[in-house]
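Enquirer: Please find one structure pasted underneath; my questions will follow.
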Amino acid sequence: MIKIAPSILSANFANIEKDIKTVENDTSCEYLHIDVMDGNFVPNISIGQPFIKSIRKITSMKFDVHLMVEKPERYIEDFKKCGADILTIHFESCVHLHRALEHIKSLGMKAGVTLNPSTPIEMLKPVLDLVDLVLVMSVNPGFGGQSFIESSIYKIEMLSKWKKEYGYNYIIEVDGGINEKTIKKAVDAGAELLVAGSAVFNEKGIKENVENLEKMCR
Ligand code: DX5
Ligand code: ZN
């Protein structure tokens with residue numbers, strides 16, 4: 001079953017409660033994708049722990065937190081305290097990736113690993129038996145509203161193949177440039193959880209946008 005994870009990066013921060021409630025009450029979405037950017041690992045700054053702590057109080061949706069920060073291992077306990085359900089860290093930002101993923105799991109969160117478009121998917125092989133989720137970045141991380149990078153399809157296909165071949169348990173998630181035109185090919189390649197920011201939070205309306213994306217997968 002295909003699931004959409006709306007990325008609140010494109011939501012209205014001046015009235016975030018309204019957007020989150022609409023996602024929670026008017027769509028079938030279970031996960032809220034939350035992008036944390038530090039202005040170092042990526043060239044943009046977004047939101048951090050206090051914001052997540054605040055929105056934790058207004059929703060019971062699962063928080064899918066995507067950390068785009070240098071040395072994410074410094075913040076694992078913080079994000080647990082904020083209410084993250086899934087904590088995803090970048091291969092490129094973390095020297096002791098295996099240790100960091102084990103730490104995330106030991107605190108009772110789901111551990112996710114992700115990689116930039118220029119990093120080969122094979123680099124993740126040593127941690128695939130450990131993770132609960134693999135996030136394929138289909139844009140260069142840092143901004144919403146960018147175009148889907150086609151070479152991500154191969155990565156999704158490989159993850160899907162390895163999952164079947166070795167019986168891995170990870171969820172295959174894709175993030176960046178997902179819209180009505182691109183969602184089907186990501187799903188056909190094996191994506192199970194689709195992050196969508198600008199394709200969900202726009203003037204057309206959250207409910208209609210999510211329904212349209214879901215329709216495109218059928
Ligand atoms: C980009 C973020 C994405 C972003 C996706 O660095 O990781 O989650 O919000 O935005 P869209 O769906 O607009 O490409
Ligand atoms: Zn993201």
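Here the Cβ of each residue, glycine as well, is placed from N, Cα and C on the backbone.
Any TrEMBL annotation is an automated prediction that lacks curation.
TrEMBL feature annotations, pasted as is:
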ACT_SITE  Asp35  active site, proton acceptor
ACT_SITE  Asp175  active site, proton donor
BINDING   Ser7, His66, Gly142, Phe143, Gly144, Gly145, Asp175, Gly176, Gly177, Gly197, Ser198  substrate binding site
BINDING   His33, Asp35, His66, Asp175  divalent metal cation binding site
Enquirer: Could you check which of the recorded positions His33, Asp35, His66, Asp175 is the closest Cα neighbour of Gly142 (substrate binding site)?
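Expert: Checking each of His33, Asp35, His66, Asp175 against Gly142 (substrate binding site), the shortest Cα distance is to Asp35.
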Enquirer: Suppose we draw a 10 Å sphere around the Cβ of His33 (divalent metal cation binding site). How many other Cβ atoms does it contain, all chains included?
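Expert: Result for His33 (divalent metal cation binding site): 27 neighbouring Cβ atoms inside 10 Å.
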Enquirer: Write out, in the order they occur in the sequence, the residues of the chain not among His33, Asp35, His66, Asp175 that have a C-beta within 8 Å of the mean position of the C-beta atoms of the recorded divalent metal cation site.
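Expert: Apart from the listed residues, the neighbours are Ala5, Ser7, Leu9, Ile34, Asp64, Val65, Thr88, Leu135, Val195, Gly197.
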Enquirer: I'd like to verify something. Among the recorded positions Asp35, Gly142, Asp175, Ser198, which ones have a C-beta closer than 6 angstroms to some atom of ligand 2?
Expert: Asp35, Asp175
Enquirer: Whose Cβ, among the binding-site residues Gly142, Gly144, Gly177, has more other Cβ atoms within 10 Å than any of the rest?
Expert: Gly177
Enquirer: Please tell me which one of the recorded positions listed here (His33, His66, Asp175) sits closest to Gly144 (substrate binding site), measuring Cα to Cα?
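Expert: So, of the listed recorded positions, the one sitting closest to Gly144 (substrate binding site) is Asp175.
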Enquirer: So among the binding-site residues Ser7, Ser198, who's got the most Cβ atoms within 10 Å?
Expert: Ser7
Enquirer: Residues other than Ser7, His66, Gly142, Phe143, Gly144, Gly145, Asp175, Gly176, Gly177, Gly197, Ser198 within 8 Å, Cβ to Cβ centroid, of the substrate site?
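Expert: So the additional residues around the site are Leu9, Ser10, Asp35, Val139, Pro141, Gln146, Val195.
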Enquirer: Please work out the number of neighbouring Cβ atoms within 10 Å of the Cβ of Asp35 (active site, proton acceptor), leaving out its own Cβ.
Expert: 24
Enquirer: Let me know the DSSP-derived helix, strand or coil state of Asp35 (active site, proton acceptor), please.
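Expert: Once the DSSP labels are grouped into three classes, Asp35 (active site, proton acceptor) ends up as strand.
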Enquirer: Please list, in sequence order, the residues in the chain of His66 (divalent metal cation binding site) that are at least six apart in sequence and whose C-beta is under 8 Å away from its C-beta.
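Expert: For His66 (divalent metal cation binding site), the qualifying residues are His33, Ile34, Asp35, Val36, Thr88, Gly112, Thr114, Leu135, Asp175, Val195.
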Enquirer: Which of the three DSSP states, helix, strand or coil, fits Ser198 (substrate binding site)?
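Expert: In the DSSP reduction, Ser198 (substrate binding site) maps to coil.
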Enquirer: Under DSSP, is Gly177 (substrate binding site) helix, strand or coil?
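Expert: It is coil.
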